[in-house]
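> What TrEMBL records for B:Glu327, B:His328 is active site, proton acceptor. According to TrEMBL, the NAD(+) binding site annotation covers B:Tyr130, B:Gln191, B:Asn214. Residues annotated as substrate binding site in TrEMBL: B:Ser237, B:Gln259, B:His262, B:His328, B:Asp361, B:Glu415, B:His420. The Zn(2+) binding site annotation in TrEMBL covers B:Gln259, B:His262, B:Asp361, B:His420.
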Number of protein chains: 2
Amino acid sequence: MAITLRTSDPDFETRFAAFLTTKRETSPDVEAVVRDIIATVREHGDKALADYTRKFDRADLDAIGIAVTRAEIEQAYRDADPATAEALTFARDRIRDYHQRQRPQDDHYVDALGVELGARWTAVEAVGLYVPGGTASYPSSVLMNAMPAKVAGVERIVMVVPPSGGVINPLVLVAADLAGITEIYRVGGAQAVAALAYGTETIRPVAKIVGPGNAYVAAAKRQVFGTVGIDMIAGPSEVLVIADSDNDPDWIAADLLAQAEHDASAQSILITDDDVFAEAVEKAVQRQLETLPRAETAAASWRDFGAIILVGSLDESVPLANRIAAEHLELAIADPDAMLPRIRNAGSIFLGRHTPEVIGDYVGGPNHVLPTARSARFSSGLNVLDFMKRTSLLKLGPEQLRALAPAAIALAKAEGLEAHGRSVAIRLNL
Amino acid sequence: MAITLRTSDPDFETRFAAFLTTKRETSPDVEAVVRDIIATVREHGDKALADYTRKFDRADLDAIGIAVTRAEIEQAYRDADPATAEALTFARDRIRDYHQRQRPQDDHYVDALGVELGARWTAVEAVGLYVPGGTASYPSSVLMNAMPAKVAGVERIVMVVPPSGGVINPLVLVAADLAGITEIYRVGGAQAVAALAYGTETIRPVAKIVGPGNAYVAAAKRQVFGTVGIDMIAGPSEVLVIADSDNDPDWIAADLLAQAEHDASAQSILITDDDVFAEAVEKAVQRQLETLPRAETAAASWRDFGAIILVGSLDESVPLANRIAAEHLELAIADPDAMLPRIRNAGSIFLGRHTPEVIGDYVGGPNHVLPTARSARFSSGLNVLDFMKRTSLLKLGPEQLRALAPAAIALAKAEGLEAHGRSVAIRLNL
């Protein structure tokens with residue numbers, strides 16, 4: 001059973017505020033261990049990678065090599081279920097099409113004074129993509145992280161993935177190949193992040209590192225930030241479903257459980273205006289749990305972090321949704337387009353009864369790497385701009401410099417920066 | 001004297017690589033102190049702000065109030081030099097005009113399968129702007145941080161500035177008013193960052209915090225990150241000037257010193273192909289230092305971190321510039337437009353002999369908050385998108401769901417996520 005909150009309750013605001021600030025994960029303190037691993041990789045390079053991989057992944061890189069070979073990729077295609085490989089190709093194409101529309105335009109113009117101004121976008125030269133091993137080794141995430149980089153024009157995308165027990169999920173290799181990644185190393189953990197940031201004999205350093213990982217990987221990314229760029233550190237996944245009573249309770253329950261099965265720290269929230277419907281959804285959740293392979297995880301998530309919020313009218317759900325700022329927001333209502341303009345904070349919005357969030361995890365087209373833990377208030381899902389940077393451009397001739405000089409010199413003087421003023425004045429014999 | 005490196009020297013690559021990784025600043029370890037300040041502000045709110053302000057800024061907030069009043073703004077206009085206020089207005093207008101072109105477009109389209117897709121940009125609801133006190137209290141930085149937020153459509157911009165000895169620079173208040181900021185609090189340090197992130201009785205929390213600050217402010221921003229968004233943590237400023245021998249050595253020396261006077265950790269680099277010119281610039285630097293008010297700072301910066309790199313031809317400067325990835329890059333050469341397409345990594349580029357970097361500090365139009373310490377390899381200057389976020393949109397009908405379902409179900413199955421598959425299948429009676 002999830003908790004139930006009612007906006008009509010006198011203590012709703014207090015309880016909702018507490019609900020919003022509930023912490024769903026505690027990260028172990030691995031700072032010191034990670035610091036040591038990074039220092040060791042910087043000092044000993046490939047040898048350190050081999051040592052850590054032997055220790056943490058029970059795999060011998062001296063025997064199997066750090067780099068994944070073309071022959072292994074081809075073997076992965078043979079090992080993969082053909083229907084799944086085809087589904088990955090279908091997903092790859094849809095993700096590419098959606099992200100191609102995100103490519104930014106350069107700008108160049110001349111203002112009324114004759115000053116030339118502009119902005120130019122360029123791709124990051126090299127990007128590292130971290131892929132977890134074991135059960136969290138998702139081929140869909142390889143596509144979601146790699147395709148925006150590819151579309152951005154990143155020339156070098158380097159994938160690292162731990163060879164848990166010597167093995168890499170063949171679908172991860174197929175997804176990498178479909179995304180056009182040609183440089184793959186079987187190394188994971190903080191040691192892989194260190195190698196990507198600082199380089200080793202085999203792995204040339206990159207300029208930015210993206211992709212999900214465990215607490216060690218997250219800590220390592222934080223520690224190398226500055227030397228390289230990193231993406232956001234994602235928290236546990238979450239969905240908010242706003243649903244009227246015309247929905248099939250089983251559909252909505254399935255959506256809530258799809259989120260809950262990810263992780264015991266995942267969060268599924270239902271907002272509805274109908275008590276009877278809410279109860280029917282809760283019953284459907286319990287019923288569906290009975291036959292779910294990951295029932296233990298999903299039940300824990302629903303019990304510990306799930307919530308049903310009962311509102312007097314669905315209108316009330318809009319300000320609540322904006323405060324929750326969910327990673328995924330489903331509008332399972334009769335006219336979702338009417339509500340949409342008032343929704344401000346959400347990572348991704350799924351409109352209507354036939355758009356389950358799961359479609360967005362795989363084949364919708366938009367990215368599934370999205371802001372969690374209310375960070376949709378200030379950040380966006382992974383996109384092409386995350387792999388590009390903008391350089392501003394300015395060009396003056398003598399006449400334009402004369403026009404701008406007085407204000408620049410006045411401000412430099414006011415800020416006590418004499419050499420600033422001089423650098424302008426000297427060009428005008430002022 | 002700055003160091004000199006020559007690409008023709010046999011050990012150039014080794015020396016240049018070492019030069020690139022030179023650390024220019026050491027930040028004191030203030031993590032624990034800052035953690036304590038944040039906890040105290042969360043617990044005691046306004047009272048904690050008053051206590052810390054009494055201690056660190058020698059000002060009594062109980063007497064003068066936390067909020068800056070409209071009357072104080074009007075007094076600031078009277079106290080400010082009219083020519084400087086006019087220069088700030090001129091700068092404000094140019095910054096606004098440049099940033100208005102950065103406003104992103106929403107997207108909406110229907111693909112061949114009839115799937116509706118889109119992306120919608122919305123402004124961050126509330127932004128906190130930190131402004132340092134004392135000599136680093138720059139009105140130009142108020143404009144540079146506030147105007148992109150204003151152009152983005154942020155409704156609430158909250159400025160905090162420490163009242164060093166009870167006093168706030170009137171030009172900072174004028175700049176804030178010109179930028180349309182109506183909510184200003186006289187509080188600084190980690191305590192101000194804590195108030196912005198978590199709120200107090202007087203200060204409502206914001207969703208993102210930007211602006212420069214000392215080590216305490218930087219540590220506080222890192223610690224509240226996640227609860228709110230933050231901008232990049234800026235390091236000491238730097239300029240790279242690529243200059244041919246047709247330049248007046250005094251102009252180039254003035255540009256190098258304008259950067260050096262900021263901070264003893266600032267860095268000025270000259271790349272040129274002419275020994276005689278390089279020597280003339282070094283002489284001009286020494287000569288100009290003699291009459292510079294901030295000579296001590298500028299001389300230390302030039303001596304400790306300045307560099308002259310001598311290349312065989314200016315063509316060689318391009319790959320070096322891309323590795324240096326300077327915050328500011330001046331192309332003081334005959335045909336800067338010809339070199340421009342090959343420059344990939346730079347925060348802002350200043351083209352031609354009549355575009356000193358200083359123009360960009362104040363009145364060019366582009367932002368002066370730019371990536372430092374080689375981070376232009378993976379990040380951009382402050383811009384309108386930093387104050388907006390993108391939400392992706394997806395809408396399927398029954399027919400579209402049927403078209404996408406097989407691939408989604410196949411991938412969910414391959415990833416072992418049964419509830420994911422069900423959430424799609426249940427809608428199609430599969």
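Even glycines carry a Cβ here, placed using N, Cα and C.
Unlike curated records, TrEMBL annotations are generated automatically.
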> How far is it from B:Tyr130 (NAD(+) binding site) to B:Ser237 (substrate binding site), counting Cα to Cα, in Å?
18
> Check each of B:Gln191, B:Ser237, B:Asp361, B:Glu415, B:His420 (the binding-site residues) against chain A and write down, in sequence order, those whose C-beta lies under 8 A from a C-beta there; write 'none' if there are none.
B:Asp361, B:Glu415, B:His420
> For B:Glu415 (substrate binding site) and B:Gln191 (NAD(+) binding site), determine the Cα separation and express it in whole Å.
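Counting only the Cα atoms, the answer is 46 Å.
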> For B:His328 (active site, proton acceptor), identify the closest of the binding-site residues B:Asn214, B:Ser237, B:His420, judging by Cα separation.
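Of all the candidates listed, B:Ser237 is nearest in space.
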> May I ask which of the recorded positions B:Gln191, B:Asn214, B:Glu327 is closest to B:Ser237 (substrate binding site) if we compare their C-alpha atoms?
B:Glu327
> Could you state the CA-to-CA distance between B:Gln259 (substrate binding site) and B:Gln191 (NAD(+) binding site) to the nearest Å?
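Cα-Cα distance, B:Gln259 (substrate binding site) to B:Gln191 (NAD(+) binding site): 31 Å.
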> Determine the most Cβ-crowded residue among the binding-site residues B:Asn214, B:Ser237, using a 10 Å radius around each Cβ and all protein chains in the structure.
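The largest 10 Å Cβ neighbour count belongs to B:Ser237.
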> Taking the residues B:Ser237, B:Gln259, B:His262, B:His328, B:Asp361, B:Glu415, B:His420, which the record names as binding substrate, find the longest CA to CA distance and state it in Å to the nearest whole number.
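The substrate-binding residues span at most 56 Å between Cα atoms.
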> Other than B:Tyr130, B:Gln191, B:Asn214, which residues of the same chain sit close to NAD(+)? List them in sequence order, counting a residue when its Cβ is within 8 Å of the Cβ centroid of the site.
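Here the nearby residues are B:Pro132, B:Val160, B:Pro162, B:Gly188, B:Gly189, B:Ala190, B:Ala192, B:Val193, B:Gly213, B:Tyr216, B:Val217, B:Ala220.
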> If we count other C-beta atoms within 10 Å, could you say which of the recorded positions B:His262, B:His328, B:His420 has the fewest?
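With the recorded positions B:His262, B:His328, B:His420, fewest surrounding Cβ atoms within 10 Å: B:His262.
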> Please report how many Å separate the Cα atom of B:Asn214 (NAD(+) binding site) from that of B:His262 (substrate binding site), as a whole number.
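Just about 14 Å between their Cα atoms.
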> On a count of neighbouring CB atoms within 10 A, which of the binding-site residues B:Gln191, B:Gln259 is highest?
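Counting Cβ neighbours within 10 Å, the top one is B:Gln259.
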> Once the chains shown are all counted, how many other Cβ atoms turn up within 10 Å of the Cβ of B:Asp361 (substrate binding site)?
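Taking all protein chains shown, B:Asp361 (substrate binding site) has 28 Cβ neighbours within 10 Å.
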> C-alpha of B:His420 (substrate binding site) to C-alpha of B:Gln191 (NAD(+) binding site): distance in Å?
45
> Which of the binding-site residues B:Gln191, B:His262, B:Asp361 has its Cα nearest to the Cα of B:Glu327 (active site, proton acceptor)?
B:Asp361
